[in-house]
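Everything below concerns the one structure shown next.
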Amino acid sequence: MFESRPDRDAEVVLIGRSNVGKSTLMREITGHTFDTGQRPGVTRSPNHFDWASADFVISDLPGFGFMKGVPEDVREEIKTDVVQYVERNAEHILVGILVVDGKSVIDIIDRHSGPDEIPHDVEMFHFLREVGVEPVVAVNKMDKVDDKDARLNELCDRLGLHPPWQQWQETIAPISAKHGSTEPLNEAVRHHLHEVQRDDLFQFF
């Protein structure tokens, strides 16, 4: 269980599988470099970044899902910790940024879809909605995707959102964190902050 959360009223969280670029995105949003492990699963506790002048924190939660060299029971424990963290702090979390790898997300979802299996990304998207946290899917590494519209439409379909993706721009945000191309995500987050009358937090996005 994660115990390190700063005492801040408002929060935005980054959630996602290992190796989807969460740490790069966190650095892009905050301008701050975090100590991240070279191997997936090394980061087992959240990275929090808060500003002294604002009652606000951004949290990068540990990556879940398959991690090479990490036992399955440890992977499940990390995922459980992430879920419990969100449940425990849901009333403070204004937006849940679900980061996925635009290049591989469809293959991963399809590989793990079956009668007895729900893909982690799909499960986490609906979980955020169930606990009252607005999800924004940051579809990262889109600079590596050729047919962007087709890929984003497929992702909408897998998440139960009726394509075309352009009608879901408050929920689906194609980005490339490595290249600093995050404006669609910033706009989506600002939309949800405005909905809860927190325009004062626009300065961070």
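In case you wondered, yes, glycine gets a Cβ from its N, Cα and C as well.
These come from Swiss-Prot:
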type: BINDING; residues: 16-23, 41-45, 60-63, 140-143, 175-177; note: GTP binding site
type: BINDING; residues: Ser23, Thr43; note: Mg(2+) binding site
type: DOMAIN; residues: 8-195; note: domain 'EngB-type G'
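The DSSP secondary structure for Gly16 (GTP binding site) is strand. Its Cβ taken as reference, Ser45 (GTP binding site) is surrounded by 14 other Cβ atoms within 10 Å in the chains shown. Non-local neighbourhood of Lys22 (GTP binding site): Leu14, Ile15, Gly16, Asp60, Gly63, Val99, each in the same chain, at least six residues away, with C-beta under 8 Å from its C-beta. Averaged across the domain 'EngB-type G' (8-195), pLDDT for the predicted model comes to 90. Annotation: Ser23 carries the greatest number of neighbouring Cβ atoms among the binding-site residues Asn19, Ser23 [cut-off 10 Å, Cβ to Cβ]. Gly16 (GTP binding site) counts 28 other C-beta atoms within 10 Å of its own C-beta, drawing on all protein chains shown.
A C-beta separation below 8 Å, combined with a sequence spacing of at least six in one chain, links Ile175 (GTP binding site) to Leu25, Ala138, Val139, Asn140, Met142, Ser181, Thr182, Pro184, Leu185. All protein chains included, Pro62 (GTP binding site) registers 23 other Cβ atoms within 10 Å of its own Cβ.
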